[in-house]
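Heads up: the structure comes next, in structure tokens.
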Amino acid sequence: EVDWFSLASIIFLLMFAPLIVYYFIMSCDQYQCSLVSPLVDLLLGNMRLLDIWDKTPPLTYKAAGIYALWVTLQVILYAFVPDFCHKFLPGYVGGVQEGAVTPAGVVNKYEINGLQAWIITHVLWFANAYYFHWFSPTIIFDNWIPLLWCANILGYVVSTFAMIKGYFFPTNAKDCKFTGNFFYDYMMGIEFNPRIGKWFDFKLFFNGRPGIVAWTLINLSYAAKQQELYGQVTNSMILVNVLQGIYVLDFFWNEAWYLKTIDICHDHFGWYLGWGDCVWLPYLYTLQGLYLVYHPVQLGTANAVGILILGLVGYYIFRVTNHQKDLFRRTSGNCKIWGKKPEYIECSYMSVDGTKYYSKLMTSGFWGWARHFNYTGDLMGSLAYCLACGFAHVLPYFYIVYMAILLTHRCIRDEHRCFSKYGKDWKRYTTKVPYRLLPGVF
């Protein structure tokens, strides 16, 4: 059943999330990234909504062609080019891997080749920039709003197709979830793992490709535009490219680990993931680079070094915390965390068929500091991206506000699920590890 608050939130997001994306991008295109000026113009009668819309670049055949080629390339790299990186990169886990057990008891197999797709895509990008010259490196920025319409079309088409598929020809009918509420089912999804054929998994493809592969290309295009406009690339733009590039590479290096995360293990595939990965992610996660095209910031050496350290420490916490949890799970606690055996709480839970299972919740290492300390590292990195843009405008700080809300919501959602699963054992765990994100604070 869908409670009234969840339904209201979903209707709000369906109505306003596309408008939020448009407003941010339009503000940069027409108002030099000021979020206040459009509202002031409208309230004072200096501008009408229709005037703003008329000045917005429309969908073009060029943008449609670029976007179609981009998605086609990523589909080919995902579905038809088996991974070879795992054969020569020590420590990298690629190729065919198993996901988690679905609620219906299915264990899906995945072709993990995201790192390979990222490498091939970027080799082609740099080969074009320095040798072939088929297109300008600024092509993404120059067609940014027309490409927004293409991304929206794909996002809505994929989300609608996934809903229709869930009703009429699901990949696994036992893994479908019907609430009877159209808006909730459309937003949150019906099918758990919609697939076409053996390997094309909607959830893995749209979570990682085309949006996240594009993330670093988008930033490179912003840097190229800075070079074109001002004759140099600022150290703030370099910082954003480097820190976000590390995050993207980390995602693809650990793509097999990603199969065990909340997105793959618990979320169904609907508009939230379909449209979100096509539009929200590439357009709002890259706001810092977009802002720096309009407002280049050259940081002082001390500020630049401080921001770099904040970003790298945040990444270190994010990665090491996740590694500790993964090591603990893989070895069932027979390992060393910070040089000694990890502490943990034994838990039990019942499955729907009445079978009793046992699990362990680690209470040492970073997981003894806070129950979601990996999110704390993530937030430190997010803050570093924003600080690189200075303090002249609020727009680049949207990302840290959004991530704080998103990750706090994830904490609550995950803990609600864990309490339902473990009951009194979860209370024992939260007594042992009382803080969620910030030790001593929250």
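In case you wondered, yes, glycine gets a Cβ from its N, Cα and C as well.
TrEMBL annotations: computationally assigned, not manually curated.
Taken from TrEMBL, the feature transmembrane segment applies to 6-25 (among others). Within its own chain, the transmembrane segment (6-25) has Cβ neighbours under 8 Å at 35, 38, 56, 144-145, 148, 152, 181, 183-184, 186-188, 271, 275, 279-280, 283-284, 287, 290, 395, 398, counting only residues six or more beyond its boundaries.
Annotated transmembrane segment per TrEMBL: 64-81 (among others), in sequence order. Listed by sequence, the residues of this chain that lie at least six past the ends of the transmembrane segment (64-81) yet keep a Cβ under 8 A from its Cβ atoms are 111, 113-114, 116-117, 120-121, 139, 143, 146-147, 150-151, 154, 197, 199-200, 205, 209-210, 213-214.
Here TrEMBL flags 115-132 (among others) as transmembrane segment.
The transmembrane segment annotation in TrEMBL covers 144-164 (among others).
Feature annotation from TrEMBL assigns transmembrane segment to 229-249 (among others). Sequence-distant neighbours of the transmembrane segment (229-249) (same chain, 6+ residues past either end, Cβ-Cβ under 8 Å): 115, 118, 212-213, 215-216, 219-220, 222-223, 285-286, 288-289, 292-293, 296-299, 304, 307-308, 311-312, 315, 381, 384-385, 388-390.
Among the features that TrEMBL reports, transmembrane segment is placed at 269-287 (among others).
The transmembrane segment annotation in TrEMBL covers 299-318 (among others).
Sequence-distant contacts of the transmembrane segment (382-407) (same chain, at least 6 residues past either end, Cβ-Cβ under 8 Å): 24, 27-28, 33-35, 236, 239-240, 243-244, 284-285, 287-288, 291-292, 295, 297, 299, 304, 307-308, 310-311, 314, 372, 375, 437. Under the heading transmembrane segment, TrEMBL lists 382-407 (among others).
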